[in-house]
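Structure first, then comments.
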Amino acid sequence: MKTIANESFLLDTKVPEPTLRRLPWYLSYVQLLHADGCESVSSTRIARAVGVDASLVAKDLSYVSVDGRTRVGYRVADMVAVLNDFLGFTHHHRAFLFGVGSLGAALLQDSGLRHFGLEIAAGFDVNPDIVDTNINGIPVYHKSRVAELCARERVDIGILTVPIRAAQSMADEMIAAGIKAIWNFTPWRISVPEGVVVQNTSMYAQLAVMFNRMKSLP
């Protein structure tokens, strides 16, 4: 039975999703501190930098193995190591990308994803002008080879960047080929069976939120 996918792509079901969304903010900040040679940081300083309450920072960090000390704070090097590991950025994940249009091609060009543990191993499309080419050293295949290459490469993560009308059918093909987690960049809420994880990242939805918030500006 298919269900509309929850947006959660949780690393640990015991950790609230809002916490998981904030932890990368903390990581980015302490990485800057670490690069500057800072050895310790307080929850108050982290909170001020990312714009949340200090009590919330302390609560969020209680879910991971980061111990703070009274009047000293958290060891920056420990925070960087623990948060990177907890968020999965130190692990190597391989993914296939489906839909090599403007957005898909841009993601293939983004070598920075490797720094967060994600390697895009191949792209898939139906456009004959794109199939059998390489983008940033990444091969692009016809989507008819999805099942073959998923089995051969043992890839179970898919990035979905196809046009909205093709979103559900492409997701179905991905799942049939063995994809277990889908990073969905389309504005369509795809339906998936139980046991398949979906993370929806619609830029259009975020754009609508920004436009709406701008209306309240003086």
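First residue shown is number 1, and so on along the chain.
The backbone N, Cα and C atoms fix where each Cβ goes, and this holds for glycine too.
Noted in Swiss-Prot for the protein shown:
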- 25-64: DNA-binding region (DNA_BIND)
- Gly99, Val100, Gly101, Ser102, Leu103, Gly104: NAD(+) binding site (BINDING)
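In the DNA-binding region (25-64), the DSSP tally of helix, strand and coil residues is 27 helix, 2 strand, 11 coil. Within the same chain, the residues at least 6 positions away from Gly99 (NAD(+) binding site) whose Cβ sits under 8 Å from its Cβ are Phe124, Asp125, Leu160, Thr161, Val162, Pro163, Ala166, Met170, listed in sequence order. According to DSSP, Gly99 (NAD(+) binding site) sits in a coil region rather than a helix or strand.
There are 16 other Cβ atoms within 10 Å of the Cβ belonging to Leu103 (NAD(+) binding site). For Gly104 (NAD(+) binding site), the number of other Cβ atoms no farther than 10 Å from its own Cβ, over all displayed protein chains, is 24. Around Val100 (NAD(+) binding site), taking its Cβ as the centre, 26 other Cβ atoms fall within 10 Å, counting all chains. Across the DNA-binding region (25-64), the prediction's mean pLDDT works out to 94. For the recorded NAD(+) site, residues Gly99, Val100, Gly101, Ser102, Leu103, Gly104 set the reference point as the centre of their Cβ atoms, and the other residues of that chain within 8 Å of it by Cβ are Leu97, Ala105, Ala106, Leu107, Asp125, Thr161, Val162. Every protein chain shown contributes to the tally, and the Cβ of Gly101 (NAD(+) binding site) ends up with 13 other Cβ atoms within 10 Å.
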